[in-house]
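These notes are about the structure you will find just below.
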């Protein structure tokens, strides 16, 4: 049979194609594309103004929509629980349907193709569209972490990095396809992410993990590609600000972006071909193993494999996801959902997320209006949003790769980097509160970079402290504090203070709210008090995060990935036993 495989090239091509489409590396590439389409919520600052002007909203109402967007984007408990009982393809399918439905209804509303919806209806549309990204996250991100458990920091850094770049990628695509039309941008983010999830719906699946000699090298090669993509997007964003591009030039830019975006596919082909050759070599050697009688495996190895199999069965049958609330395991072992949610570590993470991500989301959602209040032109405001997206990417890959290096080499707790990530945006908030020429550019850099660090570290820390068994639910529960923080800070503080200043300006002109369609505030004072408050909230979150640093410092001094390496070794022995049969 081995000889027939070698002599039959069509059989070899078919087997490699099947290996490629079902392999871990192509799954990782497909996940990159899905993640690159799962960050439409970061473009809210671009199309929010067209919603405000078309539907006649004031800033508080627009901030309410922004909060509903943050609520949908961060309340992913439904997708997490669904992933516990349903296959991955179903989770991705539900997400694609929700994505198209939510954004398509928003597009119909702003283009006046349907009757003007009420505010609560628009809140539902925005929430549904934003919530769809949780299904993409849960389906692809969680699956990738489980398939690469020993490299989860780098994997999460890359995956969340592509989400961070998605805003800038979508900007290039919509300029090439529709031109500078914010209404059409809403349509684009309705159909494209849904299409990507459907295209790869059966490629994203959990596989039995094993060690790969080139694994770390592949991650760094993908890192280089993603950094090149980020630098390309940054260069295009800046050049498009200062130069006038024709439509053909925008098409050329989008084409180059797509080519770079697909480069990881070449790496996937190379690595799957390497894996396929190893498997084929093993198959060719199989007849020899059958003919030549070999001594049985040592009893110790058989017992080891049996013990491992029994342990895995017991792990599935022993406890339910909501049981044993009081009897918590050690850090790093698999917590049940309630054990994790009721732990002190999760409570601290909740407070830190409320402060850090709540402030960052509030700042990002208001960038459009901040630029307007400081009299920046509209194309410059789009530049702010794109820069946030790009620096968000750098923060995500930085936290994934650098924290992994610091942890493995010097045992530096990832929780310490979280403290650092909460101090940076405080500076950005103060730059907005006390603006000077160009300060918003620096603020968008600091806020975007720290936002990326915080979000990626949150996902990594939850996986390391509470295990991977119920990770799909736990990481979605972990970011619940983000929309709560966004609501309190965005609607109750920033929105109210902005409208208060805008009403003062109307009163100084002898006008009332009923005399204008859109409530607008112009001047440095519009966001001063609110962003001083945001800076203080970020600083408080940094202080709270130091408690978690102290609690986890001893845990991070241990070999936290030993259990997963042992499992991969057991999987390899099991596969070798099957090959010997």
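Placed from the backbone N, Cα and C atoms, the Cβ positions cover glycine too.
Per TrEMBL, the features are as follows:
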type	residues	note
DOMAIN	24-269	domain 'Nodulin-like'
DOMAIN	341-556	domain 'NFD4 C-terminal'
TRANSMEM	25-47	transmembrane segment
TRANSMEM	89-110	transmembrane segment
TRANSMEM	161-179	transmembrane segment
TRANSMEM	185-202	transmembrane segment
TRANSMEM	223-243	transmembrane segment
TRANSMEM	249-269	transmembrane segment
TRANSMEM	340-364	transmembrane segment
TRANSMEM	376-394	transmembrane segment
TRANSMEM	415-434	transmembrane segment
TRANSMEM	440-462	transmembrane segment
TRANSMEM	531-550	transmembrane segment
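Ranking 223-243, 376-394, 415-434, 531-550 by CB pairs under 8 A with the transmembrane segment (25-47) puts 376-394 at the top. For the transmembrane segment (89-110), same-chain residues at least 6 beyond its ends with a Cβ under 8 Å from one of its own Cβ atoms are 34, 40, 50-51, 54-55, 72, 79, 82-83, 116-117, 122, 125-136, 138-140, 183, 186-187, 189-191, 193-195, 197-198, 200-202, 204-205. Residues of the same chain lying 6 or more positions beyond the ends of the transmembrane segment (340-364) and with a Cβ under 8 Å from any Cβ of it are 42, 44-45, 66, 70, 74, 325, 328, 331, 385, 388, 418, 421-422, 425, 428-429, 432, 443, 447-448, 450-451, 454-455, 458, 461-462, 465-466, 470, 474, 477-486, 488-490, 494, 531, 534, 537-538, 540-541, 544-545, 547-548, 551-552. Spatially, the transmembrane segment (249-269) is adjacent to the transmembrane segment (223-243); three or more Cβ-Cβ distances between them are under 8 Å for residues at least 6 apart in sequence. For the domain 'Nodulin-like' (24-269), the predicted model reports an average pLDDT of 90.
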